[in-house]
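TrEMBL has this to say about the protein:
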type: BINDING; residues: Gly14, Gly16, Lys17, Ser18, Ser19, Arg114; note: ATP binding site
type: REGION; residues: 34-57; note: region 'NMPbind'
type: REGION; residues: 113-123; note: region 'LID'
Amino acid sequence: MARKPNILVTGTPGVGKSSLSAQLAQELGLEHLNVGELIKSECLYTAWDSELDCSVFDEELLGQRLFELLGAPGAPGGLVVDFHSCCCMQKSWFSLVFVLRANTEVLYDRLQARLYPQAKIQQNLQAEIFQVLFDEATEAFGAPKVRQLPSNDMQDFAQNLNTIKRAYHQLLQTQDSPK
């Protein structure tokens, strides 16, 4: 039996990756892997950045752990992974890659509501303006595999949920069809 496809949902912090990924996993009967939570729970970080109020993850440790979960022989697949970086991800691990994007005013309000320090808000707004995560995802996974989706409100949330579910079901049909 073929390994279940994995889905990556990425984007700047505050665009709605975790909320969408959790709902998506629930509706598709998959597992949700929040990489930020994995880093915290398994201490996959090297330092604390007091100015930005966040951990600095260890790329080598994180890469090893993600390989175990996503790329190792026998890894079952069927994960909806969300993270704000593609640096430790391999192209072969994901069948579908989505980059959520938000209007900067919406993103600013969300980050401010999280009580992020101003420096962290500005850094994330700049990343969104300069489409850092989209460029990173395109470089890591190739343009044909990466889709951008707007994530500004609940209407976008519902539409994104349906778009990704439809893409996943189409992928399953393609995998199941005789070659």
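Cβ coordinates are placed from backbone N, Cα and C, and glycine is handled just like the others.
Long-range Cβ neighbours of Ser18 (ATP binding site) (same chain, at least 6 residues apart, Cβ-Cβ under 8 Å): Asn34, Gly36, Asp82.
Through the fold, the region 'LID' (113-123) approaches residues 13-14, 51-54 of its own chain, all at least 6 residues removed from its boundaries and within a Cβ separation under 8 Å. Using the Cβ center of Gly14, Gly16, Lys17, Ser18, Ser19, Arg114 for ATP, the list of other same-chain residues with Cβ within 8 Å runs, in sequence order, Pro13, Val15, Leu20, Arg110. For the binding-site residues given as Lys17, Arg114, the lowest number of other CB atoms within 10 Å of the residue's CB is seen at Arg114. Gly16 (ATP binding site) falls outside any helix or strand according to DSSP and counts as coil.
On its own chain, Ser19 (ATP binding site) has Phe157 as residues at least 6 apart in sequence with a Cβ closer than 8 Å to its own Cβ. Look at the region 'NMPbind' (34-57): DSSP puts its residues at 7 helix, 10 strand, 7 coil.
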